């Protein structure tokens, strides 16, 4: 292996200085990937832990700029340094528009962190462009470094065009001067002016570059999926523009989120300036400190006011997403929010009803009939009473209002309020139909029974039921204009009196029958009763008379033969010489 010449040593020193300068300027975005034929064989063994080398004497050693600085010369005049540099393009003010091939006037929605409008999808951050450089012997004195460009948003044709322009920049500058920094600086400021004139980047062609450079770009930026790690080949080897767009939008969202977290912001509620990591950013792009937004959400959930879970901006009022609520609320509060949300969802269902017995959700049919799946109670969903087919329980207006409340999400309380209003109206109608108002205080009074002299339970006034005037007492009924008792009331009392008399007679006969049995028992005899052939009640003979009148049903029968004596004079024809004896000992 021939030692390097004097010109080669000058190139080597220029390359080492340039690698050190790039590492100092770009930091972690620059990486010395590998070096070939730089260390001698024994040095490579020390660096790698073995003395591995190919049969031709060439080897590849992972080094850094500090290691190269201590070397006076490479081991061979055919050395190579493989470097990679992530160039972050400067985006125009207001962001970069990302357009699909079929987007003429704009696109629809996108990932959070990107906006879309009449110019397509707009991004504030773009994945870096990976420059893969190979610094070989002869650079920079005779030839430029070998260059490869790759990025998720860079097509093969655009990559070739950029490489030609960088080659022209080398030729314009002339050999002998390192060009890597000039290339990186030109790409950082001019790549989008070249590929995205007017601030609009057209997507759709396959991305360029190999898998290694793209993978390094993804590792350095934290977004491997945006930079690509498989050479840009998915599903049959063809990238779709939509896939590239989604990668760029996800990368933009992550970078924007990270930038927001490290910067300071002022909360619009408490007016305190705090770092972004203490803020909660909503889907509407408004941000509020987590303590203020969490206090508002906790109060709304505790009071059941889910409609207040909105962005505090008075011009926005966008609802808070569940992901934000889960971060702001405690586990118990979030569980209550889920329960209230489910409850309101069920209440807004037009065919859902709650069982009046166990409050289990049930499904009603077209006739407002529902059966509880838990207790199997069949009820009317309109009045919450037992199912009553063919009977109208609420008016058509109330039923229509209940359906509207359900569709508007009024909830169970709104339906109960409608039922209560319906019952109150029915009660008022019934009161107006059967009751009258006190002439002094206006309290409604309903007459159940008795005379027409009414006593108000509210103010104690006396008034006449017939004429409705306030009276002193019974003197009002002496004039003859108003009667004390209505004829219907008198007839009702007479019928009630007859029933009471009949019951009294039966009770007296039963008491007399029991008295006779006790009298016989006290005299030392054995009371013998006979059963009435009509009602079966026990009757006792009085003074050995076999003609018995039943104390219970009032029927007559013979105590000896138990024949029923019907009609007037039946006893005279039944008892006699040819019949039963009317009197006989027990």
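From the backbone N, Cα and C atoms, a Cβ is placed for every residue, glycine too.
Cross-referencing 19-39, 40-60 with TrEMBL places the feature region 'Disordered' at 40-60. When TrEMBL is compared with the stretches 96-122, 123-149, the one noted as region 'Disordered' is 96-122. The DSSP breakdown of the domain 'RING-type' (267-312), given as helix, strand and coil counts, is 19 helix, 10 strand, 17 coil.
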